[in-house]
Structures are given as C-alpha cells and as structure tokens.
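Asker: The structure is given below, and queries will be raised subsequently.
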C-alpha cells in the first residue's frame, strides 16, 4: 500500500475518477440524443423513417464533435505556454472545470426538458477550458516528467490502461444507472448527477490534495541537455513519417468511432441504454488487451512493429463492423480490434524521444496537429454515412479500414530506421 504522501503525488486517481464520470456522461448523452432526435423528427415528418432519425442524430454529433475539436485549439495553446512556465496543475484543473460545466448542462437538458442543442453551449465551455486535448497532454507531461526515456512508452501505456479500466467499469454500470428513475427523477437523472459529482470530486482533489511531483536538479538538467543534444540529430523524415501514419490512423479510428455511436441506434441493432453501456465497455476492454499486447510483444519486436500490429488489428475489426447485423457480430468485430490502441500512445512516445520529454507544449503540439486534421473527417464521414444509409450503412467502416491500411505505409517505411528499435 502506498504511503499517503506518495499517493498524493499520483495523478492516477484523477484519471480513474474522471474517466468513470466520462463513461457515465457518454452513455447518458447517447440515449438523450436518441430520444430527442426521435421526438423532433416525428414532430416534423408525418411519416418519419429510421433514416431520418439517423440523419438527425448524425447531424447533431457532427456539429458537437467539430465544436469539441475546434474550440479548444487556442485555449490549449495558451495553457501549454502556462504549463511550460512551471504551472503544471493548470492544464489539468482548467479542463476539469469545463468538464464539470458541460456535464451540468446535460443534467439541465434532462431535468428541465431543454432542447438537445443546449449541449452545443456545454461543449463550447468545455472547449474554452482546453478540452480533452489540454487535459490529456497535461497528464502525459506529468507521466513523462517522472519517467526515464527508456521506460516512457510503458508508463504511458500504463496510464492508458488506468483510463481504459475506468471507462470499462463506468460503461458496464452506466446503462443500468440510466434506467433508474422515480416519480421525482426522470430517466438519466441519477446517471448524469453521478457524473457531475465525480467530476467535482476530481476538481477538488486536483486543486487541494494532489501534490505536483518534483524532479531533482540532475534529472531536470538531463532532460534539458537531451533536448539540446537531440536538436541537431532529429531525423526529420522519421518524424514526418510518424506524423503521417498517426494522422491517417486517427482519421480512420476517429471517423469510424464517431459514426459507430449513431450506427448502434439503428435497426437491426437499435440498442437500449444497457446495451449501449456494454458496447462502450467492449471498446474500453481494448485498453486492457492493448496493454497486455505491449507488455508481451515488446520483448521481441520493435515499437514500429507494434504500431503496425495495432493498425492491422483495427483494420480487420472495423472492416468486419461494416457487415454487422446483430449484437453478437458487433462483439466479434470488437474482438478483432484487441490491439487497436497500441499505435497512438507508441507514436506519441516515439515522437517525445525527439524532444524535451517533460514539455507540455511538445505533447500538445503532437496532439493538436492530429486534432486539426480531424476537423476534416467529421463532416466527410457524416455525409458519406448519410448518403449510404439506404444501400450500405457500414460503408464508412470500410473507408476506415482502407485509411488504416494506408497508415501502415509511412510507418512501415520508417521501420528501417534503427532509432525505433528497442
């Protein structure tokens, strides 16, 4: 058991609690969007169809996701500068405030019957606070600050594991909690209230209990020296190839997963809250299998080979997802993606070895470039999905599979570099 002083220097409790709260929110939002889009569509159309409801849902998520990616760009840049001045708590605390406010907005939508478009205001507040990009870059900078270059990949994967286990737990119970209601509380009130409470606990813990880990002067000097020494030895081609592979893979994963949220709500799946929670849990289970994959395979293969294995795993699973017509087939497709979360943390770790590893700004720059590229795929995937609803709803998942295969090309070319071998 860790001493209290040591525990107060660990960021893992915040990540665990915040991700459980996030899993609660995701299930709640998905069910509320489904319900309100169905009501709105039925009111506007005398003969509403499943396709019209799907288009309403996908349009909502298109706007919501684009706001969540675009709005945080400038605030996150500001927070990165503040963090690199030494105020490393700020990029974690401020986004947690935004998370808390946006979750309160969803609670008001449920309790006060506000239109679902009110969530656009919530996601803007969340974005102005720096969003997930700032929050996770802040967490990863802390992880890097307390780890050596040799074990940085493993430490980052361990943090991803904590994140995944928390999401798994939260998702498994979220569907059941959503369905709790009484005469005084509407369906979803208990679930979202718990999400708000957990974010409040995270905020209080981070502000008043969590102690920033300190780095010895010698370690700090070593980080700074490494940053100077490698300034002239960076292999620009390797960096560009990793970025190209990372962006293509992020497009494939992000676009596919955004549409999957809507795809689950249409026939023949047409999931209820419990099934949505279990489906989300299956996604978070991939964090565990990916972590175990890294632990086992990293002994014999290079980081770049691990990246390719993860990409092939996702390409196979998302291609199978295109032909899913029953819930059991969904889980079979998910099973094929068991290593799908290996590539991005490994790519970030490889890139961090080229720079001052404890710099928040470098972690943000890596995330922000990929995030800006993702602004393009959200509307494209949405419109392609809407255009193919009649003849092949899973067509977008085949696109994701193709993009993933393309992502392996720059990474595979990069494998000849001895810099990447472990």
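Numbers run from 1 along the shown chain.
Each Cβ is built from the backbone N, Cα and C atoms, and glycine gets one as well.
When I checked TrEMBL for this same protein, it listed these features:
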TRANSMEM  61-80  transmembrane segment
TRANSMEM  92-112  transmembrane segment
TRANSMEM  118-140  transmembrane segment
TRANSMEM  161-178  transmembrane segment
TRANSMEM  190-215  transmembrane segment
TRANSMEM  236-257  transmembrane segment
TRANSMEM  277-297  transmembrane segment
TRANSMEM  304-322  transmembrane segment
TRANSMEM  328-351  transmembrane segment
TRANSMEM  392-411  transmembrane segment
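How buried are these features, and what lies next to them?
Answerer: Only residues 6 or more beyond the boundaries of the transmembrane segment (61-80), in the same chain, are considered here, and those with a CB under 8 A from a CB of the stretch are 33, 90-91, 94, 119-120, 123-124, 126-134, 137-138, 258, 261-262, 360-361, 364-365, 368, 371-372, 374-375, 378-379, 382.
Within its own chain, the transmembrane segment (161-178) is flanked in space by residues 12, 15-24, 26-28, 31, 187-188, 190-191, 194, 272-281, 283-288, 290-291, 341, which lie at least six positions past its ends and keep a Cβ under 8 Å from the stretch.
Panel annotation: around the transmembrane segment (190-215), residues 5, 8-9, 11, 13-14, 17-18, 20-22, 24-25, 27-28, 88-89, 92-93, 96-97, 99-100, 103-104, 106-107, 110, 142, 145-146, 174, 177-178, 180-181, 223, 358 of the same chain, lying at least six beyond its termini, place a Cβ under 8 Å from a Cβ of the stretch.
Sequence-distant neighbours of the transmembrane segment (277-297) (same chain, 6+ residues past either end, Cβ-Cβ under 8 Å): 23, 26-27, 153-154, 157-158, 160-161, 163-165, 167-168, 171-176, 178, 257, 264, 271, 305-306, 309-310, 330-331, 334, 337-342, 346.
Sequence-distant contacts of the transmembrane segment (304-322) (same chain, six or more residues past either end, CB-CB distance under 8 Å): 245, 249, 252-253, 256, 260, 290, 293-294, 297-298, 329-330, 332-343, 346-347, 350, 392, 394-398, 400-401, 404-405, 407-408, 411-412, 414-415, 417, 420-421.
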